[in-house]
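Copied from TrEMBL, the annotated features are:
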type: TRANSMEM; residues: A:20-39; note: transmembrane segment
type: TRANSMEM; residues: A:59-78; note: transmembrane segment
type: TRANSMEM; residues: A:90-108; note: transmembrane segment
type: TRANSMEM; residues: A:115-137; note: transmembrane segment
type: TRANSMEM; residues: A:157-175; note: transmembrane segment
Amino acid sequence: MQDKDTSAPGGSMPHKLIDGSFLFILAIAVVSGIAVYLLKGPETFWAIFRRDAGFAVFLLPKILAGVLIASALPFLLPRERVLRLVGPESGVRGLAIATAAGAIFPGGPSVTYPLTIGLMAAGADLGAGVALVSGWVLVGLNRTLIWELSFLPPEFVALRVALSLPAPIVFGLVVRHLMAKGRA
Amino acid sequence: MNIAIGTVLLWALALELLRRLRRQDPARLVPVYARTRAMMVFMIPRIFVGLVGAGFLAALLPVDQIERFFGAESGVAGMGLATILGAVTPGGPFVAFAIGAAALKAGAGWAALMAYVTAWSVVNLNRSIAYELPLMGRRFLMIRALVSLPLPLVLGGIMLLV
C-alpha cells in the first residue's frame with residue numbers, strides 16, 4: 001500500500017499554500033475572467049474585479065478576527081473536552097451541539113469555515129464539521145432573521161426552518177457511518 | 001452595516017479569548033499568533049481569487065431570468081429544476097431570497113420554492129468556489145455535498161404531499 005496522503009484525519013491545519021483546490025479556483029477565475037472580458041467588455045470586467053477585490057479587502061478585518069478565534073480555540077479548549085463535546089464518539093448530542101454552534105455563530109463564510117477548521121484541529125470529527133457547516137447554511141440565525149424573513153412569507157420560513165432542523169444531525173450521522181465503513 | 005456589526009462582535013470575542021490566554025500563560029500566545037499568520041497567508045489568496053472568480057462566473061449566468069424558469073411547471077420536474085437553479089444562483093442571501101420572492105409573486109408553488117432555497121443553502125456553487133473548496137479542501141466539500149444533495153428534493157417532496 002502506497003499512501004502518499006499526508007493530511008491529518010478530518011483535515012486539521014492547511015499545509016500547502018498551493019494545492020489542487022487553489023489551482024482549480026484559479027483556473028475558474030482566469031477562464032471566466034477572460035470570457036467576461038471578451039463577451040461583456042473590459043468595463044464590465046474591471047467593474048466586477050474592483051467590486052469583488054474591494055469586497056475581499058473589506059472582509060479582511062473580519063477574517064482576521066475569525067482566524068484569531070479559530071487559532072485560539074484549540075489552546076483554550078482542552079482536547080479531551082472538545083473530543084467529549086463534538087468528537088467522533090460524541091453521538092447525536094455532539095452533532096446537535098455542532099449544529100447549534102453553526103446556527104448561532106455570526107460572521108458568514110469567511111468566519112464559519114476557519115472556525116470549523118479550528119474546531120476540527122481541536123478534536124471535532126468530520127461528522128461534527130459537516131453538521132456545523134450544515135447548521136449554518138440551513139438554519140443560520142443571522143441569515144434567516146435578517147435576510148430570509150425580509151423577503152419570504154414568515155409561515156414559509158418557519159416551515160422551512162422546522163423541516164431543516166434535523167438535517168445537519170442526519171448529515172453528521174451519515175458522514176460518521178461512511179467514515180466508519182471506510183476505515184473499518 | 002451588517003458586516004460592520006459582525007466584525008465588532010467577532011473582534012470583541014477574539015480579544016476576550018486572547019486576554020484569557022494571556023492570563024493563563026503569555027507564552028501560549030506565540031503559537032496562536034503563528035497559527036493565525038499561517039492561516040491568513042493560506043486564506044488571503046484563496047478568498048481573493050475565489051471571490052473574484054465567483055464574481056466573473058456570476059456575470060456569465062443569466063441571473064435576472066432565473067424566476068422565469070420557475071413558471072407553472074410544478075411537481076417533481078419543477079422541483080428538480082428549482083434545485084439546479086438554487087445550486088447555481090450566485091451572490092449572497094439578498095440575491096437568492098429576492099429571486100425566491102419574485103418567483104412566488106410570479107406564481108411558483110411552495111414545493112419549488114422550498115427546493116430552491118434549500119438547494120441554494122446546501123449545494124451552493126458560488127460559495128463552494130469562493131470559500132468551501134479553497135478553505136476546506138475537496139474531500140470535505142465532496143462529502144458534505146454528497147450527503148446534502150437529496151435534501152432539496154426531500155423537503156420539496158414533503159411540501160408536495162401536505
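Using the three backbone atoms N, Cα and C, a Cβ is placed for every residue, glycine included.
Here the transmembrane segment (A:59-78) lies next to the transmembrane segment (A:115-137) in space: the count of CB pairs under 8 Å, restricted to residues six or more apart, reaches at least 3. Among residues of the same chain six or more beyond the transmembrane segment (A:115-137), those with a C-beta under 8 A of the stretch's C-beta atoms are 9-14, 66, 69-71, 73-74, 77, 79-80, 82-83, 86-88, 90, 94-103, 105, 107, 167-169, 171-173, 175-176, 179. Cβ atoms under 8 Å from those of the transmembrane segment (A:90-108) belong to residues 62, 66, 83-84, 115, 119, 124-125, 127-129, 131-137, 139-142, 168-169, 172-173 of the same chain, restricted to positions at least 6 beyond its ends.
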